[in-house]
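> Okay, so TrEMBL annotates it like this:
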- SER37: active site (ACT_SITE)
- HIS66: active site (ACT_SITE)
- ASP158: active site (ACT_SITE)
- 685-772: coiled coil (COILED)
- 896-915: compositional bias 'Basic and acidic residues' (COMPBIAS)
- 25-216: domain 'CheB-type methylesterase' (DOMAIN)
- 241-476: domain 'CheR-type methyltransferase' (DOMAIN)
- 836-886: domain 'PAC' (DOMAIN)
- 1-24: region 'Disordered' (REGION)
- 889-915: region 'Disordered' (REGION)
Amino acid sequence: MTEKQEKNEKKKQKDKTKKNADRTNTASFPIVGIGASAGGLEAFKEFFSGMPDDSEIGMAFVLVQHLAPDHESSLTEIIRNFTSMRVLEVKDGMKVEANSIYIIPPNYEMTFRDGALHLREPDEPRGHRMPIDVFFRSLASGQSEQAVCVILSGTGSDGTLGLRAIKGEGGMAMVQEPDTARYEGMPGSAIATGLVDYELPPAEMPEKLIAYITHAFGDLRRSTQSQEGEEKLLKKTFIALRNQTGHDFSQYKRSTIQRRIQHRMSVQQIETMDKYVKYLQQTPEEVESLFRDLLIGVTSFFRDSEAFKALEDKVIPSLLADKRESGILRLWVPACSTGEEAYSIAILIAECQDRHNQNLKVQIFATDIDSKAIVVARRGLFPASISEDVSQERLSNFFKTTEGGKTYRIQKRIREMVIFSEQNLIEDPPFSRLDLISCRNLLIYMQKDLQKKIISLFSYALNPGGYLFLGSSETLGDSHVHFSTLDNKLKLYQLKENIQSSQQEGEYDFLPPMTATDAGQPPLVTPAKEESVGRTLRELTEQKLLEDFSPVAVLVNSYGQLLYIHGHTGLYLELFPGLSGVNNILKMARDGLQSELTTALHKAVKDQKKVFCPNLHINSHNNITQANLTVCPIKNVPSSKYDEALYLVVLERISSSKNESPILITEQSASEEEEKYGPESRKVIADLRRKLRAKEESLQNTVEELQTANEELKSSNEELQSVNEEMQSTNEELETSKEELQSLNEELKTVNAELEDKVDELTQTNNDMNNMLSGTGIGTLFVDLDLEIIRFTSTVTEFINLIDSDIGRPVGHIASNLKKYDSLSEDAQEVLDTLVPKEVEVQTNNGKWYMMRIQPYRTAENVIKGAVITFRDISERKKLEDELAEVSSLLSEQADGDRDEKAKKEPGEVEPNEK
């Protein structure tokens with residue numbers, strides 16, 4: 001790349017980054033979405049109890065809990081008891097800030113957009129809502145790699161599709177360890193995707209989460225490797241992936257590869273690229289994890305509904321109209337992932353056929369490099385959360401609920417349209433004679449040269465007039481001249497009718513891109529088609545000899561996998577329609593070559609010597625081609641480039657003249673051949689032929705009997721399936737009811753958990769209050785507006801005869817030990833009428849005195865709900881008052897006596913102390 005090209009590329013990247021930033025307006029910090037259902041409250045408590053006390057952790061948390069729509073949630077108050085961060089119940093349009101916790105309110109769905117949380121009323125009926133998936137998907141779109149999802153205890157599968165979306169955008173996924181969850185449905189469904197980064201108990205999650213965020217978005221993320229050094233490390237990474245998985249990622253876009261590697265480094269807490277590569281080379285499990293990260297496909301039913309609507313309106317009716325009643329409609333969906341896209345197209349075709357009363361045979365070849373995804377796709381079983389993408393009408397028409405409504409299974413009619421198989425689009429042979437190819441959002445991950453090759457491959461595979469359906473960010477590049485544009489915005493194209501494809505000419509040579517484990521090597525190309533400006537006369541001569549006089553040659557490994565093809569192999573090798581993932585010469589060999597080639601290759605591998613098989617009669621469409629077969633080991637292969645032994649399979653056609661016609665298989669040719677031999681030889685040959693024909697007939701009879709038995713079994717199986725479908729249909733209503741009951745039960749469990757927590761709080765508060773009242777020694781009696789007893793403390797029983805069974809009885813009906821006081825009911829009623837507190841000193845029969853105070857009972861809302869009667873022991877005070885009164889009386893009497901005595905004295909008499 002020149003300096004100018006490099007600058008242009010950087011400018012494009014900068015513009016793209018700015019455009020993306022303007023479009024999404026994401027938060028500048030990570031946002032952690034936490035989804036839970038039944039049993040989630042306990043998991044929430046454990047999670048936030050494990051969070052550090054420091055509330056400045058630099059991320060926001062959004063809690064999405066399945067809540068009863070008609071019950072006020074206490075989750076916000078409960079969570080506040082376990083964290084020092086701000087805890088808020090979400091209001092529509094609320095901006096998300098770091099170091100805060102946001103909680104979804106009941107009876108709402110929530111999305112994240114433009115840095116804020118938005119609420120909307122759910123469209124789906126109760127029991128079919130998937131609020132966790134809705135939020136996770138919006139979080140993936142808004143935050144990309146700064147999105148984190150955590151799935152805790154719960155039933156069902158809500159959150160699984162949202163997790164796939166977050167992982168597809170480069171985010172992180174953390175799931176509660178099923179053994180620690182009260183209900184393992186949601187964690188188990190998430191783990192089954194194979195995309196989970198961490199499986200942990202809730203209490204251990206915060207530590208891992210903070211470590212991941214610190215590594216992923218801190219200073220450690222900045223690479224210290226030079227561009228040249230990083231490229232070498234990437235090559236080693238490609239080698240490790242190729243050696244273990246057999247797949248080459250060297251032609252994928254570097255930015256995609258680097259993001260996935262950075263993500264794995266953050267998960268494993270590895271600081272530098274060179275350390276990660278060493279770890280990768282020593283840890284097969286990490287190679288598999290990186291491979292899974294690279295394969296993550298963001299897929300869903302009818303993804304990009306506008307594009308699928310255009311496909312439904314503009315393409316599918318034309319396809320069906322162009323096919324005769326006996327014709328076969330052939331489609332290909334490469335990179336199908338778990339099958340949603342292929343099934344979506346099958347549903348559109350089925351709907352169109354129903355509208356036009358057609359019954360064409362449909363073959364949809366759905367392929368993917370990921371064997372695990374293909375297994376899921378073949379099963380045709382999807383979580384209930386697909387109801388977010390598939391209308392209720394389509395769910396009813398093309399799916400059946402299973403497992404009590406927890407999953408949807410694609411119906412047999414749609415399933416039989418789709419053929420799933422593992423295939424490497426880059427290396428394996430393509431399909432042919434196709435009417436439509438749907439390859440959406442795969443090319444964007446590939447480099448331009450590989451994109452060009454894939455588009456050329458699609459041109460080869462399509463029939464003239466066939467359709468190509470790409471993703472919204474993908475283009476045809478230089479190949480646009482071969483296609484007409486049906487919809488440029490929605491990426492619908494049609495192959496021009498006048499294009500003479502290599503398929504019609506029979507000259508398409510499929511060449512895998514790599515044969516070496518050195519993933520840094522460029523793809524192999526056909527020398528016969530490679531142009532060079534500065535070729536010498538010798539090179540020109542050798543080139544012409546290779547083109548016109550050299551035999552067909554195929555380079556294979558010891559297993560027969562094709563690595564390189566020279567010349568046109570159509571006479572010897574055959575691609576079978578509908579057979580994908582075939583990249584093996586032993587499977588592609590025509591009749592007359594296959595058995596000899598298998599034997600020769602095995603012998604060459606075993607003895608490491610050249611094997612020659614002369615005069616083979618190879619059958620190609622009832623024409624016989626005579627050829628010599630040679631299998632030759634290739635020695636002295638540089639170990640730095642290849643890690644396996646290679647073998648060259650040479651097929652040299654035998655003919656006396658270049659224009660000699662092929663031999664036809666006829667009885668006449670066989671007779672002429674026999675005339676070359678004597679009578680005895682002819683007799684032996686005839687006898688051998690008779691025996692051979694007898695064996696062939698016997699074998700044919702066995703095959704036919706097997707086919708007949710198989711057809712009978714198939715018929716029986718179809719009858720059983722029909723009976724099973726009737727039973728399933730009978731159970732559908734019960735399953736629907738069960739689904740609704742399960743959803744209601746789940747909501748009730750959530751409400752019950754909150755209530756249990758509330759009861760615990762009330763119990764604690766009640767215990768505190770009882771202990772406080774008992775500690776003060778003040779007797780307290782609570783009555784309602786009807787003066788009926790609500791509760792009382794033990795101290796009151798000393799002077800009012802109360803037992804627990806008296807609660808609810810009128811206070812006036814209770815006998816007391818109070819002397820000369822029987823107006824308790826009247827005084828309490830007076831206080832309720834006037835709302836003026838009243839105090840009365842009362843004495844018990846045992847001589848104790850109490851200050852009785854009656855005052856209104858007010859609630860927090862200042863509503864009068866009864867009266868509170870307290871009895872404070874004032875016996876000591878009364879005793880002191882009595883003693884004081886007695887002393888005062890004595891002093892008063894003494895003073896009076898003194899005055900009387902003084903008054904009796906004579907007027908002239910003087911007291912001694914007056915002198």
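Residue positions begin at 1 at the first shown residue.
Glycine residues also receive a Cβ, built from the backbone N, Cα and C atoms like all the rest.
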> What does the DSSP secondary structure composition of the domain 'PAC' (836-886) look like, as residue counts for helix, strand and coil?
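So the domain 'PAC' (836-886) is made up of 12 helix, 27 strand, 12 coil.
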> Would you mind reading off the Cα separation of HIS66 (active site) from SER37 (active site), to the nearest angstrom?
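HIS66 (active site) and SER37 (active site) have their Cα atoms 5 Å apart.
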> Around the C-beta of HIS66 (active site), how many further C-beta atoms are within 10 angstroms, looking at every protein chain?
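If we count other Cβ atoms within 10 Å of HIS66 (active site), we arrive at 25.
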> Just to verify a number: CA distance, SER37 (active site) to ASP158 (active site), in angstrom, no decimals.
9
> Taking the Cβ of ASP158 (active site) as the centre, count every other Cβ atom within 10 Å, in any protein chain shown.
30
> Which number gives the other C-beta atoms within 10 angstroms of the C-beta of SER37 (active site), all protein chains shown included?
28
> Grab the pLDDT values for the domain 'PAC' (836-886) and give me their mean, rounded.
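Computed over the domain 'PAC' (836-886), the mean pLDDT is 86 on the 0 to 100 scale.
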> Per DSSP, to which secondary structure element type does SER37 (active site) belong, with helix, strand and coil as the options?
coil
